[in-house]
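Over in Swiss-Prot, the protein carries these features:
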type	residues	note
SIGNAL	1-19	signal peptide
REGION	20-44	region 'Framework-1'
DISULFID	CYS41-CYS109	disulfide bond
REGION	54-70	region 'Framework-2'
REGION	74-109	region 'Framework-3'
REGION	110-118	region 'Complementarity-determining-3'
Amino acid sequence: MAWSSLLLTLLAHCTGSWAQSVLTQPPSVSGAPGQRVTISCTGSSSNIGAGYVVHWYQQLPGTAPKLLIYGNSNRPSGVPDQFSGSKSGTSASLAITGLQSEDEADYYCKAWDNSLNA
(Lines of atoms letter the chains of each structure in order from A and count residues from 1; the text may use other names and numbers.)
(Lines give C-alpha, C1' and ligand atoms only; values in the text may rest on other atoms or scores of the structure.)
Protein backbone atom coordinates (compact mmCIF):
# COMPACT_ATOMS: atom_id res chain seq x y z
CA MET A 1 0.00 0.00 0.00
CA ALA A 2 1.39 3.40 -0.93
CA TRP A 3 1.21 6.15 1.66
CA SER A 4 0.65 9.65 0.41
CA SER A 5 2.63 12.22 2.32
CA LEU A 6 0.83 15.03 4.09
CA LEU A 7 2.27 18.51 4.21
CA LEU A 8 1.47 20.73 7.17
CA THR A 9 2.34 24.30 6.38
CA LEU A 10 3.26 26.58 9.22
CA LEU A 11 3.37 30.30 9.65
CA ALA A 12 5.27 32.18 12.33
CA HIS A 13 3.10 34.33 14.57
CA CYS A 14 4.21 37.39 16.49
CA THR A 15 3.29 37.83 20.13
CA GLY A 16 2.28 41.42 19.52
CA SER A 17 3.57 44.45 17.69
CA TRP A 18 4.24 46.28 20.96
CA ALA A 19 6.60 43.56 22.09
CA GLN A 20 8.35 42.94 18.76
CA SER A 21 8.86 39.36 19.92
CA VAL A 22 9.04 36.83 17.13
CA LEU A 23 8.37 33.12 17.34
CA THR A 24 10.00 30.86 14.78
CA GLN A 25 8.34 27.82 13.24
CA PRO A 26 9.64 25.53 10.50
CA PRO A 27 8.18 26.34 7.05
CA SER A 28 6.62 22.90 6.77
CA VAL A 29 6.34 19.49 8.39
CA SER A 30 5.28 16.34 6.61
CA GLY A 31 4.25 12.86 7.62
CA ALA A 32 2.41 9.81 6.40
CA PRO A 33 -1.14 9.01 7.49
CA GLY A 34 -1.16 7.40 10.91
CA GLN A 35 2.20 8.81 11.89
CA ARG A 36 3.06 11.25 14.67
CA VAL A 37 4.47 14.65 13.78
CA THR A 38 5.79 17.41 16.01
CA ILE A 39 5.70 21.10 15.15
CA SER A 40 8.16 23.31 16.98
CA CYS A 41 7.80 26.92 18.04
CA THR A 42 11.03 28.59 19.11
CA GLY A 43 10.98 31.79 21.10
CA SER A 44 13.46 33.52 23.35
CA SER A 45 14.11 34.53 26.94
CA SER A 46 11.87 37.55 26.38
CA ASN A 47 8.73 35.55 25.58
CA ILE A 48 8.39 31.78 26.00
CA GLY A 49 11.44 31.63 28.26
CA ALA A 50 10.03 34.45 30.37
CA GLY A 51 6.98 32.39 31.28
CA TYR A 52 4.60 33.42 28.52
CA VAL A 53 1.94 30.81 27.87
CA VAL A 54 1.72 29.29 24.41
CA HIS A 55 -1.44 28.82 22.39
CA TRP A 56 -1.77 26.85 19.17
CA TYR A 57 -4.22 27.44 16.33
CA GLN A 58 -5.22 25.38 13.32
CA GLN A 59 -6.45 27.08 10.16
CA LEU A 60 -8.06 24.85 7.58
CA PRO A 61 -8.34 26.19 4.02
CA GLY A 62 -11.06 28.81 3.71
CA THR A 63 -11.84 28.90 7.43
CA ALA A 64 -11.01 31.06 10.43
CA PRO A 65 -8.25 29.90 12.81
CA LYS A 66 -9.42 27.46 15.49
CA LEU A 67 -7.89 27.25 18.96
CA LEU A 68 -6.28 23.82 19.42
CA ILE A 69 -4.20 24.24 22.58
CA TYR A 70 -4.25 26.97 25.22
CA GLY A 71 -2.02 27.59 28.21
CA ASN A 72 0.79 25.40 26.82
CA SER A 73 -0.96 22.04 27.04
CA ASN A 74 -4.73 22.40 27.53
CA ARG A 75 -7.27 21.32 24.92
CA PRO A 76 -10.56 23.18 24.55
CA SER A 77 -13.70 21.09 24.61
CA GLY A 78 -14.19 19.32 21.31
CA VAL A 79 -10.53 19.15 20.31
CA PRO A 80 -9.48 15.49 19.98
CA ASP A 81 -6.67 14.11 22.11
CA GLN A 82 -4.60 13.43 18.99
CA PHE A 83 -3.40 17.02 19.54
CA SER A 84 -1.13 17.78 22.48
CA GLY A 85 1.07 20.69 23.46
CA SER A 86 4.14 21.09 25.62
CA LYS A 87 6.64 23.77 26.57
CA SER A 88 10.26 23.62 27.71
CA GLY A 89 12.72 26.45 28.12
CA THR A 90 12.38 28.90 25.26
CA SER A 91 10.42 26.62 22.95
CA ALA A 92 7.09 24.86 22.66
CA SER A 93 5.78 22.07 20.51
CA LEU A 94 2.54 20.74 19.12
CA ALA A 95 2.28 16.99 18.56
CA ILE A 96 -0.25 15.41 16.25
CA THR A 97 -0.70 11.65 16.51
CA GLY A 98 -2.59 9.42 14.11
CA LEU A 99 -2.12 11.89 11.27
CA GLN A 100 -5.13 12.18 8.96
CA SER A 101 -5.63 13.90 5.63
CA GLU A 102 -7.94 16.42 7.28
CA ASP A 103 -5.06 17.57 9.49
CA GLU A 104 -3.45 19.27 6.49
CA ALA A 105 -3.66 22.92 7.50
CA ASP A 106 -1.75 25.96 8.68
CA TYR A 107 -0.70 25.82 12.34
CA TYR A 108 0.16 28.93 14.33
CA CYS A 109 1.78 29.30 17.70
CA LYS A 110 1.25 32.36 19.86
CA ALA A 111 2.99 33.35 23.08
CA TRP A 112 0.98 35.40 25.53
CA ASP A 113 2.02 37.22 28.69
CA ASN A 114 -0.63 36.16 31.19
CA SER A 115 0.21 39.08 33.46
CA LEU A 116 -1.59 41.28 30.93
CA ASN A 117 -4.83 39.59 32.03
CA ALA A 118 -4.43 40.72 35.64
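For all residues, glycine too, the Cβ spot is worked out from N, Cα and C.
Considering only the disulfide-bonded residues CYS41, CYS109, the Cβ with the fewest other Cβ atoms within 10 Å is that of CYS41. Sequence-remote contacts of a segment are chain residues at least 6 beyond its ends whose Cβ falls under 8 Å from one of its Cβ atoms, and for the region 'Framework-2' (54-70) they are 13, 41, 48, 76, 79, 83-85, 87, 92, 94, 102, 105-112. Within the model, the region 'Framework-3' (74-109) carries an average pLDDT of 96.
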